[in-house]
Structures are given as C-alpha cells and as structure tokens.
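Feature annotations, courtesy of TrEMBL:
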type     : residues               : note
ACT_SITE : E291                   : active site, nucleophile
BINDING  : Y114, D199, V200, D201 : UDP-N-acetyl-alpha-D-galactosamine binding site
BINDING  : D199, D201             : Mn(2+) binding site
TRANSMEM : 7-24                   : transmembrane segment
Amino acid sequence: MVLRQSFLIILAFFGMVLCGLIYLNTNQNSCKPQIIEKVITKKNWKLKNFGLRSPVGLVYNQPSALVSRTDVASVTPWLAPIVWEGTFDSRVIDSIYKQQNITIATTVFALGKYTRFLKDFLESAEEHYFVGFRVHFYLFTDQPEEVPNVKLGQERYLTVKTLPSMNRWQDISMSRMEILEKLIENELASEADYIFCLDVDTKFYGRWGVESLGRLVGVIHPWFFNVPRFLFTYEHRPKSQAYIPAGKGDFYYTGAAFGGSLKDVHNLTKTCREQMNIDTANSIEALWHEESHLNKYFLYNKPSKLLSPEYLWRDISMSSGSVKIIRFSHVAKNNAEVRPNL
Ligand code: 5GW
Ligand code: MN
C-alpha cells in the first residue's frame, strides 16, 4: 500500500516536472526568438552528427514562420518579396541556383565621359556581383578604346559593342530601351537566362547575388522608399504615355537598375520604347525620361520581386537606419563635368 502510494507520488512529481518543462519551452518559443535560435542550433548539431542533410545538402538554421525583420516590409500587397538584408540566407539561395547552370546578362552604357566609371564598376562587380555564377557583361560605348582592361574571373565575359556618339542626353536616354530590346531579341535568347540593366556611374560595395533574380525585378529608388506617394516624381501630365494619375502608384522605382527574365525584360523595354516614341510624336518628353516610363510600366505590370534600396543607394557616404548594408550605390559625380555640353 505504502509502496503504491509513494510510486504514485513519484509519478505525479515527474508528471509535474514534465508539464513545467513543456510549458517553459512553448512559452519561450512564442516570445523569445533567441531561445528558438538555441533550439535550432541544437537540432542542427544533431543533424550534423547523425549524418543527415537537408534537401539542398546544407545544414542551416530552421526557417521561422514567426520571426523576421520587423522594421521593414518584406512583401508587397501582391505578394512579391522585397529583398532586404536578413530576409534570405545566401548559402541556401546560392545552393538552389547553383544547380541551375544559369547565365546573367548584364548591360551597361558608357558614352562620352562616362567611360571613366567603367573601371570601378567592373572591378567592384568582380568582387561582389553574382560571384560564382556565369555573368556576361554587354557594354555599349562610343569609345571602345577607353574600355579599361579589367581582369575577369572564370565564367565571366565582357562583350564591347560600339555605338555612334550621341551628344544629346535625350538620344542616349531614349535609345537605351531600344538597344536593350534589340539585344534581347537578336542575341540573348540562347545566351542568357536573366538580364540586369545597370547605370555605369555606380559601384558595388556588398553582395548582389541570386537573391535578386526573378521574372520581373524592380529596385526601389533610394530617395523615395520612405515618403508618401504624392511626393513621387511620376509623370503627372495626361498628354504623356508615362502619365500616372495623382493618388496612384505603388513604389517609385529607379531607372538605374532593373531586370528579370529575358521575356519579361524584352516586353518592358519594347513597351517603354513604343511609349517614348508616341511621346516624341506628341512633342512631349516625360519628366524623368525612361524612368517615368518604367514606373508607368511597373504600375500596370507588377514586378514579381522588388529589391530594397540596399541594391541602389544614393551615395556610399549617406546612411539610413533600415538600410543595414549598401550593396550597390551611385557614386558622387559632377554632372557639369561628365555630361556633354548641351
Ligand atoms: C546623362 C545625362 C545627360 C547627358 C549625358 C548622359 C549620359 C548617360 C552620358 O553622357 N553617357 C552615358 O553613358 N550615360 C548613360 O546613361 C550611363 O550609363 C549613365 O549611368 C546612364 C544614366 O545617366 P545618369 O547616370 O547621368 O543619370 P542619373 O539620373 O543617374 O544622374
Ligand atoms: Mn546614374
């Protein structure tokens, strides 16, 4: 009798201890992310030690359905991701794309005095841009002799294409979309899977990798990511094809970087080229040229992925709380010095 009683007491005691432990554990999980991290690490340790591997052959932290960055939005209302530091694991995403044997075409224009930006652009790209992946740069210039001799790594290619000199910035700005459209049509189909079109007065300072790939990719303009849309510099004159009515618009996207699949970027460049031609016929030039047309396009053809201003910052010397890493940035330039005399 006494034995049975003490057995039951011991059983009840262990039951209480167990309940307490379960309670503590669930409680910690729901309110203390750092505890979750510990649990995950322990699991990883177990996985490693029993020789188990995740499907992508990597041991990595368990993704959380509860914990993420809370100081920025990482998804749009149409469920496109917005890529910020802390929203992806570079090892996981690299290992997924590594299996796909992809080529990323990258276009850049350097006419007139803008060839001076090429060295820093290309050298910094070698260090930070799609490192470990096949990249093919297509460089359009009116001065091929000014292209610096930058040593490119394995599986990285540069094709220089000579353009006639253009002195009017309108011509440079307008012709870019048409040249991209024709490049995709005539040359890229069997050569590349994705394309990015970048300004040359820029430099890479941090990783820009496969996390940026998507069907249609826009980059949020660094001046406008934290302002209400009535301040966006959209084209507001109905006469222009780039017209966006007041009170409309999602984000203000930069014209200095955009990309995506060949098909989607082809449609984008073709549409912008056609819209700009209509504007020219109607003697109107949109406020910010092709950037205005790009913004109109993205309003009606939503990007499937957005890159945060980490992917195009204003100038490396300026800082912001939510931008924790500057990956790519405009360099400070003296417009009067580099632009042709108008
Ligand atoms: C740009 C503005 C006025 C006159 C000429 C140009 C210009 C642009 C040029 O003389 N040469 C040239 O190669 N470009 C290309 O267009 C560069 O790739 C440049 O990055 C891109 C956009 O022009 P940006 O960079 O001057 O425009 P913002 O808005 O970044 O200052
Ligand atoms: Mn620029």
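Quick reminder: no glycine exception, Cβ is built from N, Cα and C everywhere.
Taking the features listed in TrEMBL, we show where each one sits on the structure.
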residue: Y114; record: UDP-N-acetyl-alpha-D-galactosamine binding site; Cβ contacts under 8 Å, 6 or more apart: V200, D201, V338
residue: D199; record: UDP-N-acetyl-alpha-D-galactosamine binding site; Cβ contacts under 8 Å, 6 or more apart: V108, G255, A256, A257, H330
residue: E291; record: active site, nucleophile; Cβ contacts under 8 Å, 6 or more apart: Y253, T254, G255
### Query
Just checking, which of V200, D201 (binding-site residues) has the fewest C-beta atoms within 10 Å of its C-beta?
D201
### Task
Please check each of the recorded positions Y114, V200, E291 and report the ones with a CB atom less than 6 Å from an atom of ligand 2, ordered along the sequence.
none
